[in-house]
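Shown next, in structure tokens, is the structure this report addresses.
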Amino acid sequence: MATNSTVTVLILVAAAVLACAGGARGFYLPGVAPADFRKKDPLAVKVNQLSSIKTQLPYSYYSLPFCRPGTIVDSAENLGEVLRGDRIENSLYVFEMMEPRLCQIVCKITPSQDEAKDLKEKIEDEYRINMILDNLPLVVPIKRLDQEAPTVYQQGVHIGIKGQYSGSKEEKHFIHNHFTFLVKYHKDANTDLARIVAFEVKPYSIKHEPDGDWRGNATPLKTCDPHSRRLVVDSDSPQEVDANKDIIFTYDVNFEESPIKWASRWDTYLLMADDQIHWFSIVNSLMIVLFLSGMVAMIMLRTLYRDINKYNQLEDQEDAQEETGWKLVHGDVFRPPANADLLCVYVGTGVQFFGMLLVTLLFAILGLLSPSNRGGLMTAMLLLWVFMGLFAGYTSSRLYRMFKGSEWKNVTIKTALMFPGIVFAIFFVLNTLIWGEKSSGAVPFTTMFALVLLWFGISVPLVFVGSYLGFKKPAMEDPVRTNKIPRSIPEQPWYMNPVVSVLIGGILPFGAVFIELFFILTSIWLHQFYYIFGFLFLVFVILILTCAEITIVLCYFQLCGEDYQWWWRSYLTSGSSALYLFLYATFYFFTKLEITKTVSGVLYFGYMLIASYAFFVLTGTIGFYACFWFTRLIYSSVKID
């Protein structure tokens, strides 16, 4: 068993190193089987949600008057996809492998007054069309000004643009009604099979003119005819969006052989803008935090070693009664805090959250949650949260037993219901707002029922099982006895005031995640790809170290000031980093985002409030356990009469 465990740990460490060294690009286990295509095999293009970084409200593709197939078929979606707002459906865009097509008519629409208004609003809000081919999202290649820099890929293609005719100041709305698709494939050297490795598009707005009467998709067009070599290469005569005016949708598709292998096809998608800045900043941040952590650890070890030696020598001297500092409060340091049951609940919840994040990140750096597994990350996090309820119940009841509490069932119920209940209440209100906007991002009733079923059907029973097991075990014994009468706490200097020390304590943990936080927010709210989980795992480790060390330092200063009420303060010290997280999210909202709608702003701050609350629970628990371990260690190292 020991050998197997060692091998497992070595594999995980090796995977983490590979993920960090390669930026988590090109290294992931085969979670999705590749599809092989022969020449002329049909390729079905699926459509996904319409998304916008300005409103953050996704809509179904067919909520706008686009070309619709006779029967709309929804693709099976997992829990994570539904919560993300994905709505994957079939479309009229059908290709044949390695068979180029030019000027293919999809359909002709004539928008009504309301439909034209809706189209203009979506163009105004910069909505993008999202399509999928062989599980690859549609991207628009954007060349940088620096010719040597790699191409940046924008996820999704804009519905249209706002512009002006030359010589006019009036702004018009123009729709992208012609798409030039490029499908890149990698061909097997020994067979005629090929695999798709890229799906790109260039959009155009062109006012098509039928050459004669309209005969459906067989109608020749004056503006686009492959036989007369009239191809769409620009948007000199764009298609304006107006009520009761025909819009003809067309497309080209070209195929290009690529040296990119199927296993590496996500590499170009995962390249981020300012890539070098990202790597440099994150490494620089890690080095600074590691240096500070090393300095703090050195100071603490030297100071504590001197203190313990001094206190142990005082036992043989006449002035033993003149002891000062942290040893003086040994009779009160393990006195149960006020609201001990609530502290147990939050510590248990923090353990649950910590376990969920740790396992998710390990799965991610191993490649088990590759981007090809759409919605897999969110699904995994939800399921892991549910199953980690066992550890939440166990932790909270063990701590409560140490405080000599007897109402363990009440603590268990609070552990099972408090944090998820608050989060679910906020989520339900936000979902109601999304429902009001008729957005596809609204979670359906059936999915809400599934979430509640996971909560009450699996998580709550597991919390009770863990709590029962934890309460059955003997209580942890304190290293020193607690006096019956609590001693008075002397007046503290201003910098050791609870509010001041708690606010100071949150700065370093926030600094550990500051750089990575920017890229995470950009990924979530600006719809960019994020898959650098190797570095995210390292940042998570650094966050644990900084939360632990800053809490230990401030706890030591507090005990030296003869203030023994450290239980809650140790939790709040590192937990206060969540306040800085929310303040930074507010700063990011006003400086980086262009959200104008009130509902969208409420959604942003609502979701960031949930994220900050979860961050508070996580960091607070890490700080609490660090201080708990530190306090038990130092008081078990000195001689107490």
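Glycine residues also receive a Cβ, built from the backbone N, Cα and C atoms like all the rest.
Since this is a predicted model, take the numbers as computed values, not measurements.
For reference, TrEMBL has these:
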SIGNAL    1-26  signal peptide
TRANSMEM  279-301  transmembrane segment
TRANSMEM  343-369  transmembrane segment
TRANSMEM  375-395  transmembrane segment
TRANSMEM  416-436  transmembrane segment
TRANSMEM  448-471  transmembrane segment
TRANSMEM  494-525  transmembrane segment
TRANSMEM  531-559  transmembrane segment
TRANSMEM  571-590  transmembrane segment
TRANSMEM  602-630  transmembrane segment
Worksheet item: Does the transmembrane segment (416-436) reach the transmembrane segment (343-369) with at least 3 CB pairs under 8 A, where each pair is 6 or more residues apart?
Response: yes
Under 8 Å Cβ-Cβ from the transmembrane segment (375-395), and at least six residues away from its ends along the same chain, one finds 31, 77-84, 86, 347-349, 351-353, 355-356, 359-360, 363-364, 369, 412, 415-416, 451, 454-455, 458-460, 462-470
- Task: Return yes if the transmembrane segment (343-369) and the transmembrane segment (494-525) have at least 3 CB pairs under 8 Å (sequence gap of 6 or more), otherwise no.
- Result: no
Per the Cβ under 8 Å criterion, with at least 6 residues separating them from its ends, the transmembrane segment (571-590) contacts 343, 346-347, 498, 501-503, 505-510, 513-514, 517-518, 521, 525, 547-548, 550-551, 554-555, 601, 604-605, 608-609, 611-613, 615-617, 619-624, 626
